[in-house]
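Enquirer: Pulled these from TrEMBL:
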type     : residues   : note
DISULFID : Cys6-Cys16 : disulfide bond
DOMAIN   : 2-41       : domain 'EGF-like'
DOMAIN   : 42-82      : domain 'EGF-like'
Amino acid sequence: IDVNECTTENPCTQTCVNTYGSFLCRCEPGYELEADGVNCSDMDECSFSEFLCQHECVNGPGSYYCICPSGYNLLDDSRSCQDINECENRNFTCTPQQTCFNIPGEYKCLDPVRCEDPYIQINENRCMCPAENAGCRDQPFTILYRVMDMVSGRSVPSDIFQMQATTRYPGAYYIFQIKSGNEGREFYMR
(Lines of atoms letter the chains of each structure in order from A and count residues from 1; the text may use other names and numbers.)
(Lines give C-alpha, C1' and ligand atoms only; values in the text may rest on other atoms or scores of the structure.)
Protein backbone atom coordinates (compact mmCIF):
# COMPACT_ATOMS: atom_id res chain seq x y z
CA ILE A 1 0.00 0.00 0.00
CA ASP A 2 1.39 3.35 -1.04
CA VAL A 3 2.16 5.70 1.83
CA ASN A 4 0.98 9.25 1.13
CA GLU A 5 3.95 11.27 2.37
CA CYS A 6 2.05 14.49 1.67
CA THR A 7 -0.49 13.74 4.41
CA THR A 8 1.75 11.94 6.88
CA GLU A 9 4.91 14.09 7.00
CA ASN A 10 4.62 16.65 4.11
CA PRO A 11 8.29 17.55 3.73
CA CYS A 12 7.58 20.19 1.04
CA THR A 13 7.58 23.91 1.88
CA GLN A 14 4.78 24.67 -0.60
CA THR A 15 2.88 21.99 -2.58
CA CYS A 16 3.30 18.28 -2.17
CA VAL A 17 2.23 15.79 -4.86
CA ASN A 18 2.01 12.14 -3.86
CA THR A 19 3.36 9.61 -6.35
CA TYR A 20 3.39 5.82 -6.18
CA GLY A 21 6.10 4.94 -3.68
CA SER A 22 7.32 8.54 -3.34
CA PHE A 23 6.33 12.21 -3.62
CA LEU A 24 7.22 15.40 -5.56
CA CYS A 25 7.42 18.97 -4.32
CA ARG A 26 6.06 21.79 -6.48
CA CYS A 27 6.29 25.54 -6.08
CA GLU A 28 3.70 28.29 -6.49
CA PRO A 29 4.03 30.66 -9.47
CA GLY A 30 6.89 33.07 -8.89
CA TYR A 31 8.93 30.51 -6.92
CA GLU A 32 11.39 27.86 -8.03
CA LEU A 33 12.31 24.50 -6.52
CA GLU A 34 15.72 24.47 -4.89
CA ALA A 35 18.32 21.76 -5.54
CA ASP A 36 17.20 19.82 -2.44
CA GLY A 37 13.86 19.14 -4.20
CA VAL A 38 11.91 20.24 -1.10
CA ASN A 39 12.31 23.98 -0.53
CA CYS A 40 11.04 26.79 -2.75
CA SER A 41 12.78 30.11 -3.19
CA ASP A 42 11.53 33.34 -4.70
CA MET A 43 12.37 33.92 -8.37
CA ASP A 44 13.72 37.39 -9.15
CA GLU A 45 11.57 38.14 -12.21
CA CYS A 46 13.28 41.52 -12.59
CA SER A 47 16.58 39.81 -13.39
CA PHE A 48 15.05 37.90 -16.33
CA SER A 49 14.48 40.93 -18.57
CA GLU A 50 15.04 44.66 -18.52
CA PHE A 51 11.83 45.10 -20.54
CA LEU A 52 9.34 43.98 -17.87
CA CYS A 53 8.87 47.59 -16.73
CA GLN A 54 9.31 50.85 -18.55
CA HIS A 55 11.10 52.46 -15.60
CA GLU A 56 11.93 50.29 -12.59
CA CYS A 57 11.12 46.72 -11.66
CA VAL A 58 10.78 45.77 -7.99
CA ASN A 59 10.94 42.09 -7.03
CA GLY A 60 8.48 40.86 -4.39
CA PRO A 61 7.70 37.46 -2.84
CA GLY A 62 6.47 35.32 -5.73
CA SER A 63 5.91 38.32 -7.97
CA TYR A 64 7.17 41.72 -9.10
CA TYR A 65 5.74 45.16 -9.68
CA CYS A 66 6.70 48.25 -11.65
CA ILE A 67 7.19 51.77 -10.33
CA CYS A 68 7.46 55.08 -12.15
CA PRO A 69 9.61 58.10 -11.33
CA SER A 70 8.16 61.18 -9.68
CA GLY A 71 5.92 63.11 -12.06
CA TYR A 72 4.63 59.97 -13.83
CA ASN A 73 1.64 57.64 -13.34
CA LEU A 74 1.66 53.87 -13.83
CA LEU A 75 -0.75 52.93 -16.63
CA ASP A 76 -3.35 50.14 -16.55
CA ASP A 77 -0.91 47.69 -18.16
CA SER A 78 1.01 47.88 -14.82
CA ARG A 79 4.32 48.39 -16.64
CA SER A 80 4.20 51.65 -18.62
CA CYS A 81 4.62 55.17 -17.24
CA GLN A 82 2.80 58.29 -18.44
CA ASP A 83 3.81 61.87 -17.74
CA ILE A 84 1.51 63.81 -15.42
CA ASN A 85 0.59 67.12 -17.05
CA GLU A 86 0.67 69.41 -14.01
CA CYS A 87 -0.37 72.39 -16.14
CA GLU A 88 -3.51 70.62 -17.38
CA ASN A 89 -4.34 69.34 -13.87
CA ARG A 90 -3.82 72.86 -12.40
CA ASN A 91 -1.28 71.32 -9.99
CA PHE A 92 1.46 73.96 -10.20
CA THR A 93 2.84 76.92 -8.29
CA CYS A 94 3.32 79.51 -11.06
CA THR A 95 2.32 83.12 -10.44
CA PRO A 96 -0.63 84.54 -12.43
CA GLN A 97 1.87 86.42 -14.65
CA GLN A 98 3.84 83.26 -15.47
CA THR A 99 2.93 80.52 -17.91
CA CYS A 100 2.97 76.87 -16.83
CA PHE A 101 4.91 74.70 -19.29
CA ASN A 102 4.72 70.92 -18.93
CA ILE A 103 7.93 68.95 -19.43
CA PRO A 104 8.46 65.21 -18.89
CA GLY A 105 8.22 64.43 -15.17
CA GLU A 106 7.69 68.03 -14.04
CA TYR A 107 6.80 71.54 -15.17
CA LYS A 108 8.44 74.93 -15.47
CA CYS A 109 7.08 78.39 -14.76
CA LEU A 110 7.97 80.67 -17.66
CA ASP A 111 8.24 84.39 -17.11
CA PRO A 112 6.40 86.61 -19.59
CA VAL A 113 8.29 87.79 -22.68
CA ARG A 114 9.94 91.18 -22.22
CA CYS A 115 10.85 93.11 -25.34
CA GLU A 116 14.20 94.91 -25.32
CA ASP A 117 14.51 98.45 -26.67
CA PRO A 118 13.87 99.45 -29.47
CA TYR A 119 11.27 96.66 -29.69
CA ILE A 120 7.71 97.08 -28.45
CA GLN A 121 5.44 94.27 -27.33
CA ILE A 122 2.63 93.36 -29.74
CA ASN A 123 1.20 90.37 -27.85
CA GLU A 124 2.32 87.83 -25.25
CA ASN A 125 5.07 86.32 -27.45
CA ARG A 126 5.81 88.86 -30.21
CA CYS A 127 8.01 91.93 -30.26
CA MET A 128 8.08 94.45 -33.13
CA CYS A 129 10.65 97.05 -34.10
CA PRO A 130 8.74 100.05 -35.57
CA ALA A 131 10.07 101.13 -38.99
CA GLU A 132 9.95 104.81 -38.00
CA ASN A 133 12.49 104.17 -35.21
CA ALA A 134 16.06 104.77 -36.50
CA GLY A 135 17.38 102.05 -34.16
CA CYS A 136 15.37 99.47 -36.09
CA ARG A 137 17.13 99.99 -39.42
CA ASP A 138 19.34 96.87 -39.25
CA GLN A 139 17.16 94.88 -36.87
CA PRO A 140 14.58 92.15 -37.60
CA PHE A 141 11.09 93.63 -37.97
CA THR A 142 9.54 91.14 -35.54
CA ILE A 143 10.78 88.60 -33.01
CA LEU A 144 8.44 85.75 -32.17
CA TYR A 145 9.09 83.64 -29.06
CA ARG A 146 8.06 79.98 -29.00
CA VAL A 147 8.72 77.40 -26.28
CA MET A 148 8.86 73.67 -26.92
CA ASP A 149 10.25 70.68 -25.08
CA MET A 150 12.66 68.23 -26.68
CA VAL A 151 12.67 64.73 -25.22
CA SER A 152 16.07 63.14 -24.86
CA GLY A 153 16.75 59.76 -26.41
CA ARG A 154 15.38 60.71 -29.85
CA SER A 155 16.90 59.05 -32.87
CA VAL A 156 19.05 61.49 -34.79
CA PRO A 157 19.12 63.23 -37.11
CA SER A 158 15.48 64.30 -36.83
CA ASP A 159 13.51 67.43 -37.64
CA ILE A 160 12.56 69.35 -34.53
CA PHE A 161 10.55 72.18 -36.06
CA GLN A 162 9.94 73.93 -39.37
CA MET A 163 9.76 77.64 -40.11
CA GLN A 164 8.64 79.17 -43.35
CA ALA A 165 9.04 82.63 -44.86
CA THR A 166 5.93 84.41 -46.05
CA THR A 167 5.19 86.56 -49.09
CA ARG A 168 2.97 88.79 -46.96
CA TYR A 169 5.54 91.60 -46.90
CA PRO A 170 6.81 92.40 -50.43
CA GLY A 171 10.51 93.32 -50.55
CA ALA A 172 11.22 91.76 -47.16
CA TYR A 173 14.08 89.31 -46.80
CA TYR A 174 14.44 86.62 -44.18
CA ILE A 175 17.45 85.38 -42.24
CA PHE A 176 17.12 82.18 -40.25
CA GLN A 177 19.87 81.46 -37.75
CA ILE A 178 20.49 79.86 -34.38
CA LYS A 179 21.27 82.85 -32.16
CA SER A 180 22.45 80.99 -29.02
CA GLY A 181 22.44 77.66 -27.22
CA ASN A 182 24.31 75.73 -29.91
CA GLU A 183 27.84 76.01 -28.53
CA GLY A 184 28.24 72.21 -28.69
CA ARG A 185 27.00 72.17 -32.31
CA GLU A 186 24.24 69.66 -31.56
CA PHE A 187 21.79 71.50 -33.86
CA TYR A 188 21.94 72.56 -37.47
CA MET A 189 19.62 74.23 -39.95
CA ARG A 190 18.76 73.17 -43.46
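The first residue you see is number 1, and the count goes up from there.
Glycine too: its Cβ is placed from the backbone N, Cα and C atoms.
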Enquirer: Quick test of the contact rule: Cβ under 8 Å, at least six residues beyond the ends. What residues does that give for the domain 'EGF-like' (42-82)?
Expert: 28-32, 104-106
Enquirer: Do you know the DSSP helix, strand and coil residue counts for the domain 'EGF-like' (2-41)?
Expert: 4 helix, 15 strand, 21 coil
Enquirer: So what's the average pLDDT for the domain 'EGF-like' (2-41)?
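Expert: Averaging the confidence scores along the domain 'EGF-like' (2-41) gives 93.
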Enquirer: Count the Cβ atoms, other than its own, that fall within 10 Å of the Cβ of Cys6 (disulfide bond), considering every protein chain shown.
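Expert: So the number of other Cβ atoms within 10 Å of Cys6 (disulfide bond) is 17.
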Enquirer: Under 8 Å Cβ-Cβ from Cys16 (disulfide bond), six or more apart in the same chain: what's there?
Expert: Glu5, Cys6, Asn10, Phe23, Leu24, Cys25, Arg26
Enquirer: Work out, from DSSP, the number of helix, strand and coil residues along the domain 'EGF-like' (42-82).
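Expert: The domain 'EGF-like' (42-82) comes out at 3 helix, 16 strand, 22 coil.
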